[in-house]
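Here is the structure we will look at, set down as C-alpha cells.
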Amino acid sequence: MLAAATLTALTLGTAACGDDPQPIPDPTIGITPLTGPMVRIMPLGDSITDGRTANADGAYRVALWKQLTAAGVRVDFVGSLQNGPKELPDHDHEGHSGYRIDQDDAQVTQWVKASDPRIVLIHLGTNDALQDYDMPGAPARMSLLIDHVMAAAPEADIFVGSLLPLEDHGAQTRASLFSAALPGIVRDKGAKVHFVDMGAAHMTLKDIPDGIHPGTAGFTKMAKVWSDALKPMLTAAPKALNRAPKPPRRETPRSPEPVLRG
C-alpha cells in the first residue's frame with residue numbers, strides 16, 4: 001500500500017464584503033515533496049522481518065521506511081503479508097515467522113511473481129541455526145533461494161543480510177558459520193546480488209531482549225545497515241527503479257507465532 005499522499009494547495013476562500021479578494025496562503029510552501037524514485041521493496045525472511053513480537057511490531061521495516069523516505073525515496077513495500085504499527089504507512093512484507101530457508105524457498109517464486117519487486121531484502125537462516133537444521137546444507141539452500149528469486153524477477157536487485165547475534169551459544173556458532181559463507185554465495189550470483197554485513201549494526205544481546213528478536217533500538221540499527229546498502233543504488237539510477245504502485249490490500253489479521261522462533 002503506497003502511503004505517499006499528494007498535498008493539494010487550497011484554492012477556495014471568501015473575501016470580506018467590499019474588499020478585493022485576498023490570496024489564500026499555499027499550505028505546501030516550505031514542504032519538500034517526495035519526488036524521488038518509487039521503489040517496490042520486498043522484505044523477505046522470518047519473524048525478524050515480520051516483527052510480530054512483543055519486542056517491536058513491524059521489525060526493521062518501520063525504521064527503514066522512515067530512513068528511506070527521509071532521503072526522498074518513495075517506498076512501496078510489497079508482499080503477501082501485512083502487519084505493523086500505525087506509524088508504518090505500508091504494512092506489506094514477506095516475513096514468515098518460524099520459517100527456515102527451505103520453507104520460504106518453497107513459495108518464493110509465487111510470492112515474487114505476484115509482487116514484482118524491484119528490490120528484495122533477504123534475511124533468512126536464523127531458524128535453521130536455532131533448529132540445527134542441516135546447517136552444512138544451509139548455504140546451498142540459500143543459493144537455491146536466490147536463484148529462484150532471480151528467475152522470478154530478473155530485473156530485481158537482491159540484498160542478502162548476514163544473521164544477527166543469538167543468545168544460545170550453539171545456535172550462534174552455527175549462525176556465524178552460515179553468515180561467513182554468504183559473501184561467497186553472493187559473489188557467484190553476479191552484479192545484481194549484494195551482500196549486506198549486519199555486523200555493521202554493532203548489535204549486541206542488549207539490543208535483542210529475548211535472545212533472538214531485536215527490540216526497537218536493535219531494529220533501528222538493522223534498518224540503518226539496509227538503508228546504507230540501498231542508498232547508493234537509489235541515488236545513482238532512480239529512473240530505472242520506477243514502478244507503478246500496487247493497489248491497496250485489506251490487512252488480514254493472523255495469530256502471532258511463538259516468541260522463541262526466528
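Yeah, the Cβs are placed from backbone N, Cα and C, and that goes for glycine too.
Of the candidate ranges 81-106, 237-262, TrEMBL annotates residues 237-262 with the feature region 'Disordered'. Mean pLDDT, taken over the domain 'SGNH hydrolase-type esterase' (44-218), works out to 97 on the 0 to 100 scale.
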